[in-house]
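Enquirer: I have a structure I would like to understand better, so I am pasting it below and will then ask my questions one at a time.
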Amino acid sequence: MIDSSSNNTYDVNESLKVENLTRDDYEEICKRLGRKPNRTELGMFGVMWSEHCCYRNSKPLLANFPTTGKNVLVGPGENAGVIDVGNDQKLVFKIESHNHPSAIEPFQGAATGVGGILRDIFTMGARPIAVLNSLRFGNLDKLSNISLLRGVVSGISHYGNCVGVPTVGGEIDFDDSYSGNPLVNVMALGLLETDEIVCSGAKEVGSPVLYVGNTTGKDGVGGASFASSELNTNSLDNRPAVQVGDPFIEKSLIEACLDAFKTGDVLSAQDMGAAGLTCSSAEMAANGSLGISINLDLVPARENDMSAYQYLLSESQERMLLVVKEEKLNTLINQFKKWGLFANVIGEVISRKEVIISQKNQIVAQIPTSALSDETPINIHNIIKEPPIHLLEKWEWTEEELPAISENKILSLKDQQKYSFSEIILKLLSNPSIASKSWVYRQYDSQVQSNTVFKPGDADAALIRLRRQDEKNKNNEFSGVAASVDCNSRWVLLDPYRGSIAAVAESARNVSCVGAQPIAITNNLNFSSPETEIGYWQLSSACDGISKACIALETPVTGGNVSLYNESKNQNNQVTPINPTPVIGMVGTIKNVDKAISSGWKNINDQIWIIGSNASESSIAASSYLEYFHDLVTGRPPKIHLQDEKYCQSFLRDSIQKNYIASSHDVSDGGLAVALSECCILSSKGAYIQLEEKNARQDNLLFSEGGSRILFSVNKKEEQNFLNFLEIKSKDFGRNVYVKKIGFVSEHNLDITLQDQTLCNLRVDELTEKFNNSISNCF
């Protein structure tokens, strides 16, 4: 029977606040248990019923995502998604957030974010091969934001570098909405090394439950509940809820677990991440439709005075829970100990569908697995039928409201000064959100494992060579996997539906720009409180947009993460929500990495082309130009025509495979002028561009965003072959897709003309200086 000692005597109302539970939750818990929970059990329900663990606010929305496809082997529900990437190889991938921990303890918060996502990958039987990250901070004119940036980057680089997994790419954006609540999203990829995918469901009644890895301490207690609440001026008091990681133990854990998985003697595996031992045991039992009994006296402890509550809610890092074959138990224990890891039998699989926890010869918790993991409560929200009035008003904005252009100069509404287009381009390149992130990339080891094809920043997507024992396939070539993380949160703020469609489209476009076929996505939905009408409408609209884009582009969702309550309160209780940020992690495949291309120009006199959609809009509404130069965040983001998007990307990939295209780069933040500048900077070559549009404003031509546009260069020697191919393929496009030549690669300058009128004349070294030094100059 359950222990009814002093553990059961506690202030219910105060404890509910601590566990972030409501009175209705408490009544439901009592109903499910048939009695009042003791304090330990209440803590277990607190973490398992948090948004972080059970998606109680978002689950109905996530159910609409497309999750199946010809390449999908494992979708949502397991530790990570798995897809078939050909050549008898399987890719495991997922994205997770560590936002709140990074806000109060940036180094450890970010470091353990890396460690946690790596465990999700190797728990499936895959060797981690790459990490990407998507980061958001407040503007760098505040010392507190600079400190957060330093700490987060240092934490990511420390853990990734020490554990030997390359950090190969990502994105970083800056906006005041993130000042009190930075976002740290980490995506990891792994290559399956076992014949069978290792799943989490417990198997075979009587099988030993083996605890493997680091010791359990008091760090991270209640971390899942902390991650599911808003940040305020007292959040620094929650530092104990932030875990402390050890990448060297993680490295040993990776190698030891992969060795053990290969034997087939591990029946199931679950990492101890959010909610620690509570979540791992409950999910393992529920996924196997069985139960688990745990004896806390057998858990390796860092301290002697730990309570059952602390054992169960600790999120100490580098720990795994395994169900193993009893006859192989001693062999496995010795194998793990050889790696310097703790390996203790702490329980067994039972037929009764309960999680039963004992300590000091007493049962301290006894809960049905369905109550903890399967039948978790869902918060029902009303979704407003129309966009908020303030957005409808912003959507009415048109470019006619901007100052007139006179003598190729325009008045900035930000500082009331007139600037030439050349000066505006330099300003945009110095915007930290657009500028080079080399200050960050230099701190990451991107080359460890020797499979990184492009250095971070050199191409639109990261590209990893897939190889086993250095053997090429029968065609004497290596296949590869491309990955990109993307989200324009300004677009999502102004239109969550269109902005989320654009995030999926851009991530696919970036993968296509290196020559890879987009296959599937993982997503990280970073939003503010779902308890406000606007907050939940943003989340719902974003999910609708992601679903539509994924269906159209045939890139199913294999899993991901939801991070809500990303907002901060100041001393006056004023709430600042983050810009809604649904980060899309796209993966794709390429048959031969030798055919992949990067973003910079390759040869003088190569022809510069652009492909895009006539049906999709391109506009300076919602653009970086409008925000950074005019201090305006307004207008409706351009619409993406998804069928045209598919045509554009397909044509590009086919042209790359035929070796017609030498470089490619998508047109995104900053528009055409910034995209051209980036290609020049990456290659140390110039470009001569002739624009012909007659009826558009010059700033629209230079800085508009959207339109599914991709900039690419064609090798002069391949131009006729390319033209012949274009003639054949253009029959598939219809009237909605255009492909046109706009210039050629030159030596030292970026020259942009419009009907013989010079809009821009800048030396490449000027562009490079602004682009490369913007972030480092903030320190």
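The backbone N, Cα and C atoms fix where each Cβ goes, glycine too.
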Enquirer: Can you find which of Gln243, Gln366, Gln643 Swiss-Prot lists as binding substrate at the same site as Ser97, His98, Asn99, His100, Arg119, Glu315, Ser316, Gln317, Ser563?
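Expert: Checking Gln243, Gln366, Gln643 against Swiss-Prot: the substrate site match is Gln243.
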Enquirer: Give me the CA-CA distance between Asp271 (Mg(2+) 2 binding site) and Asn99 (substrate binding site), in Å, as a whole number.
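Expert: Computed Cα spacing between Asp271 (Mg(2+) 2 binding site) and Asn99 (substrate binding site) is 20 Å.
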Enquirer: Whole-number Å distance between the CA of Gly560 (ATP binding site) and the CA of His98 (active site, proton acceptor)?
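Expert: On Cα coordinates alone, these residues lie 13 Å apart.
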Enquirer: Centre the Cβ atoms of Tyr55, Lys94, Asn523, Gly560, go out 8 Å, and tell me which other residues of that chain have a Cβ in range of the ATP site.
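Expert: These residues sit around the ATP site: Leu62, Pro76, Ile95, Glu96, Thr522, Asn524, Leu525, Val557, Gly559, Asn561, Val562.
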Enquirer: Round to a whole number and give the Cα-to-Cα distance in Å for the pair Ser97 (substrate binding site) and Asn561 (Mg(2+) 1 binding site).
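Expert: Cα-Cα, rounded: 7 Å.
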Enquirer: Listing them in sequence order, which of the recorded positions Lys94, His98, Glu315, Asn523, Asn561 have their Cα within 10 Å of that of Asp120 (Mg(2+) 2 binding site)?
Expert: Lys94
Enquirer: Could you find out if DSSP has Lys94 (ATP binding site) as helix, strand or coil?
Expert: strand
Enquirer: Just the number: how many Å between the Cα atoms of Asn99 (substrate binding site) and Tyr55 (ATP binding site)?
Expert: 16
Enquirer: What are the sequence-distant neighbours of Arg119 (substrate binding site), meaning same chain, six or more residues apart, C-beta distance under 8 angstroms?
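Expert: Within the chain, Arg119 (substrate binding site) has Cβ neighbours under 8 Å at Asn79, Glu250, Leu253, Asp271, Gly273, Glu318, Met320.
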